[in-house]
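**Q** So TrEMBL has the following annotated:
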{"type": "DOMAIN", "residues": "8-134", "note": "domain 'EamA'"}
{"type": "TRANSMEM", "residues": "33-53", "note": "transmembrane segment"}
{"type": "TRANSMEM", "residues": "65-86", "note": "transmembrane segment"}
{"type": "TRANSMEM", "residues": "92-112", "note": "transmembrane segment"}
{"type": "TRANSMEM", "residues": "119-139", "note": "transmembrane segment"}
{"type": "TRANSMEM", "residues": "145-164", "note": "transmembrane segment"}
{"type": "DOMAIN", "residues": "148-281", "note": "domain 'EamA'"}
{"type": "TRANSMEM", "residues": "176-196", "note": "transmembrane segment"}
{"type": "TRANSMEM", "residues": "208-230", "note": "transmembrane segment"}
{"type": "TRANSMEM", "residues": "242-259", "note": "transmembrane segment"}
{"type": "TRANSMEM", "residues": "265-284", "note": "transmembrane segment"}
{"type": "REGION", "residues": "286-327", "note": "region 'Disordered'"}
Amino acid sequence: MDRALGPLFVLLWSSGFLAGAFATRDVPGLSLAAVRLLLAGGLLVAVAMVTRARWPRGRREWRDLVVTGVLIQAVQYGATSCALALGVSAGLAALVLCLSPAVVAALGGPVLGERLGPLGWLGSAVAVAGALVAGLDHLDDGGSIAGLALLGLGLAGFAGGTVHQKRVGAAMDLRTGSAVQVLVGAVVLAPLALLVDGSVVLPHTPTGAGALAWLVAVNSGAAVLLLFVLLRRGTAASVSGLLYLVPPVTAVLAVPVLGQPLEPRTLAGLAVTLVGVLLVVRASRRGSTPTPTRGTAASARRRSGAGPASAAARPAARSSGRWRSVR
């Protein structure tokens, strides 16, 4: 993996929480998420058309993309944007979403047939404890319980969508699949924005417009494309490891950019959570024994030598023009 691209990816991904905090000062949370996803979806559709990507075929593929789009795009981004609008700090938002590997690992047993093991459960407990410490610090500073609840909802949507994607979407084309999922999120959130906000509100200040443009062009555009590049040059595991750097980087950048102080208890909760998540990831890599499902059967055949080379040997391989999902 290119050493320069990794830090750049972390900075771009972290900047999304900062831009979201700026934008929600000007635009209600649901409107921000709806407009962001609509513009980002159009951008991804253009990328898919230019690169002649394969579009979904059949009712089952479309259904699976819709389900994942509702969970990951609509629920996660809608809830997180509303939480930021209620004053939740960018660092805390990044921290809670960082719990997703622990939640996914816990759900992997009943849904995917993957055993977490004692170390994994210990890591999950440690990660949740760290998030609770940071959350209590937020409440002590006058933060709202509703904001924390919305972050929990966003985490549930992201984790649930990730598990569903892992179960059914192993062969999804990353370009068209992402475009469909993002547009599904926009379609779901736009009516909610009309109902709650009275209309789909657009930014009315240069700061709000700039933050929205950053979210669309940089986070949903450049950062996603950079993610694809990293996946093609490295492994999914090495790239996912970069995501664990997002919460601390976000929390540190929020101090000068947003003026959000980094309290000692928040910092302690951040450190504890990261330790827990890393324990879960280590346990998952060491003892995962997935039961083949519709999304994993092809991967199992490749690992056994019955098919093409595995993703570890050819990360993010293109086959007949298809960029396969690595989720």
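Glycine residues also receive a Cβ, built from the backbone N, Cα and C atoms like all the rest.
All TrEMBL annotations are machine predictions without curation.
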**Q** Given the cut-off of 8 Å on Cβ pairs that are 6 or more apart in sequence, determine whether the transmembrane segment (119-139) and the transmembrane segment (265-284) share at least 3 such pairs.
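**A** Yes, the transmembrane segment (119-139) and the transmembrane segment (265-284) are in contact.
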**Q** Considering every residue in the domain 'EamA' (8-134), what is the mean pLDDT value?
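**A** 86, rounded to a whole number.
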**Q** Find the member of 33-53, 176-196, 242-259, 265-284 that has more C-beta pairs under 8 Å to the transmembrane segment (208-230) than any other listed stretch.
**A** 33-53
**Q** Tally Cβ pairs under 8 Å between the transmembrane segment (33-53) and each listed stretch (65-86, 145-164, 176-196, 265-284), then give the stretch with the top tally.
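**A** Selected stretch: 176-196, with the most Cβ pairs under 8 Å.
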**Q** With CB pairs under 8 Å as the measure, which of the listed stretches 65-86, 176-196, 242-259 comes out on top against the transmembrane segment (145-164)?
**A** 65-86
**Q** Please report, as numbers and ranges, the same-chain residues at least 6 past the borders of the transmembrane segment (176-196) whose CB is under 8 Å from any CB of it.
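**A** Residues packing against the transmembrane segment (176-196) from afar: 28, 30-31, 33-34, 37-38, 40-41, 44-45, 47-48, 53-56, 62, 65-66, 68-70, 72-74, 77-78, 169, 220, 224, 325.
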**Q** Which sequence positions outside the transmembrane segment (65-86), separated from its termini by at least 6 residues, show Cβ-Cβ distances below 8 Å to it?
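**A** Answer is 17, 20-21, 24, 28-30, 32-34, 36-37, 56, 93, 97, 144, 146-148, 150-151, 153-158, 160-162, 164-165, 169, 172, 177, 180-186, 188-189, 192.
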**Q** Per DSSP, what is the residue tally for the domain 'EamA' (8-134) in helix, strand and coil?
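**A** The breakdown for the domain 'EamA' (8-134) reads 105 helix, 0 strand, 22 coil.
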